[in-house]
């Protein structure tokens, strides 16, 4: 408890509590700090501007085997290049926590799969996703076919790409989405 | 004219200022009634300056209001700024004065415009309070839902801060009159309460045990294996609560306040057993001291109340026993409801096969390279499989052979099930024979035959089923479902055969008991008769026999309880042994013998074991079923079960981490956790039946247990109703239990079920209809798009045919009316298709342009020359009212 107080002010704590989806704040903070003890100060009352590079974030055991780790870091970092401040870090794990609501998760999942950041999941995004999932072990024809099938299934307005609505419509029905799209920390 | 007005205005202003000073003095007097309101209003101007974006609307309203009053009186724009400011100031001051101001204004008829505007302002501020209230509510809502917004943390923090400040500022202001303090207090309490709730929530999450262990398992084995451990943890929580109920309401009162050990026969070991009562082998079979301890039903006394607290123990025993079922039912159903809310409905599985595979197959929990490799491989295979499925729709070579094999397999499995059922029945029967013999002449095996055979069947049959299922050649997912169903049937069959055999035993014991009871009663009567005739007195002293020597009946309840406890314990032993031998020993052998073996043990035949999720879940569920059944006869069983779950959590976590390997191919049996829950619910219901039956129909033993001396167990309730509750409640209950009332109630329930069923069917129908409609709309859209593409192509060709006209004209025409000119030119070449028509009709304001000056552009150049600066004449055509007055 004493530690907590010295890292954040009471108000900060309060604010984080309201905003965040789950509450293991101090634990998350130490995880963050352990990535680079020399960079991150122990005192966050003055809100120092510290960012950890992607190399450090991506090497966390929770992320290092994830094929989408780069995308995750990019989506949640403010600069879009995977360098994360503490706020971004908290953001990431609050969205990926168990308590986060499904719509929020779906929104960020959409962002993660949208590799070229154009707010639509188009064919190239699908191909990238598929190649990451299978380590490019499918032949080109197979990849093409799968992508076509996905488009066929999920693209409700037939514009040849998945919008956020399409994606949400599809993903909220998925039985495994909530159980697999989370990281316990 | 304008100048005159300005002067007038200024005069009015000065007048008003003078008046204001007077009013201020007046206000001092009135302050007492209007203080709260005035204070509330005085606060308002602040945010107008500070939180500009929050108050934009309000400000806008007020400004328009003031301006409306003013624009009629003056039109010079250079003065507007200063006037605006002063007006605003005034306005706000006026508002602070409230009614005092308007009262005095009735006398002031010099400037009607201004007074009008002021009245308006006054009214507006009334409405504004409402608006403000709404805004505060909105902000509060925003704070509550902030964590669900997909914004960056920084933005969320900032917005939160703003919203909180806003709410704080205005919450106090909104209260009115004397209620304001109360209001503020309420707000404060609400805040405190929210904070407390949040802290409590934090505390709760901090209390959840084994988070790290489960995380470790998850990262090694993925979410499916972890789901078993989550289930186990949930089960542990449930059992802990049930244990608390049982222990706190039944065991503890009896131990603390009831008679001590050795005081009455039922709490004493009989003389014949006393020599061996402390032997380990006897205790291990729950005989001796264990049999006459608080673990079992027989120990409890039938006194109506115990201790100084007058605790009604028998009643509490019955209610707790039934309440455990009620609580479990409630929890399971609530959990199911929550799960079904959370997990996708998955109603139409076929619709999104590929999409789901694409977007949800990666398990974000995985944090182990080996598991990740397996996952990659399994995802690839699953994709390939579904591609193959998609490409060729199931070719059936020899359908007859397969059918035959499937029938054969099912036949064999049915034989297995029947055989196992018979075996159990046979063994239980035999154990009854053994029980009649002298226990010392029996071997260990003979004593524990039933448990041993049941555990063995549970161990041997599932792999056997799996082997037989190879014949059927189903898709792995379907095969898994069959497998689960068969194991379920096996367990269920075994449990129920066991129960029936047990009931036989109980009936036999009850006959014994009746004989003993008659003998005892007869002996008592003899004693009384002899005593009274011998001493010639009717004042017979009670018989003084030491409790250990009293003849007693077999107490079937305790016997049943012992059976269940033994079954549970042997189940634990078998589970742990299986893990030790089947997983750990195998892993050790594979690992160390691999150095000196002729083939690769790790990759080849024995390999490491995989974690058997379905088997473990079923085991857990059935174990729980036994607990539910047995706990009524053995209150200590709950404690045993809690211990079991605790140890198995640690033990299985260790075993799975040390000696199992991740699954190569994972096929989930269920869509969500609800599958486990449904199993649990079924088992709960099935275990409820025998207990309720025994409570309602079997007579309890006459000399042991809390219900001894009564005809039926539930008589305790009736007795309590008739003796302790006021008479009218008893009346009500008799009416309520009248068949005439129960029948209609059941009828009503049936009707309700029917109705709800119909409604849900209707919804389903509507759902499918909507889906169909959507599909149709999609198809239509697709077709339309295709057609449109082609027509567009056609149109382009046509446009190409008319090169000069179509290229030149738009340039001339397009400049003045920007977007409007392009379409008419398209029309001109347009002998175009249907689609073009549609486009034109969509751009509705269009036709007026070309019609009014259709021939104009053909004159061309002059229009073009005018283009850059649209003259007044052209402007007249468009109905824009705003700019002219400005000029």
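Count begins at 1; order follows the chain as displayed.
Cβ coordinates are placed from backbone N, Cα and C, and glycine is handled just like the others.
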Feature transmembrane segment in TrEMBL, mapped to one of the ranges B:296-314, B:315-333, B:334-352: B:315-333
Annotated range (TrEMBL: transmembrane segment) out of B:385-406, B:407-428, B:429-450: B:407-428
Stated TrEMBL location of transmembrane segment, expressed as one of B:707-731, B:732-756, B:757-781, B:782-806: B:732-756
TrEMBL annotation (transmembrane segment) - matching range among B:675-696, B:807-828, B:829-850: B:675-696
Annotated transmembrane segment segment (source TrEMBL; candidates B:604-625, B:626-647): B:626-647
Remote residues contacting the transmembrane segment (B:407-428) - C-beta distance under 8 A, at least 6 residues beyond either end: 449-450, 453-454, 457, 461, 464-465, 468-469, 471-472, 486, 489-490, 493-494, 497-498, 500-502, 504-505
Segment-segment contact (the transmembrane segment (B:483-503); the transmembrane segment (B:234-252)) at 3 or more Cβ pairs under 8 Å: no
Distal contacts, the transmembrane segment (B:675-696) - CB-CB under 8 A, six or more residues away: 227, 231, 318, 321-322, 325, 328-329, 332-333, 335-336, 339, 488, 492, 495-496, 499, 503, 617-618, 621-622, 624-626, 628-629, 632, 669, 712-714
Mean of the pLDDT scores, which run from 0 to 100, over the domain 'TMC' (B:555-670): 84
Structural state census, the domain 'TMC' (B:555-670) (DSSP three-state): 82 helix, 4 strand, 30 coil
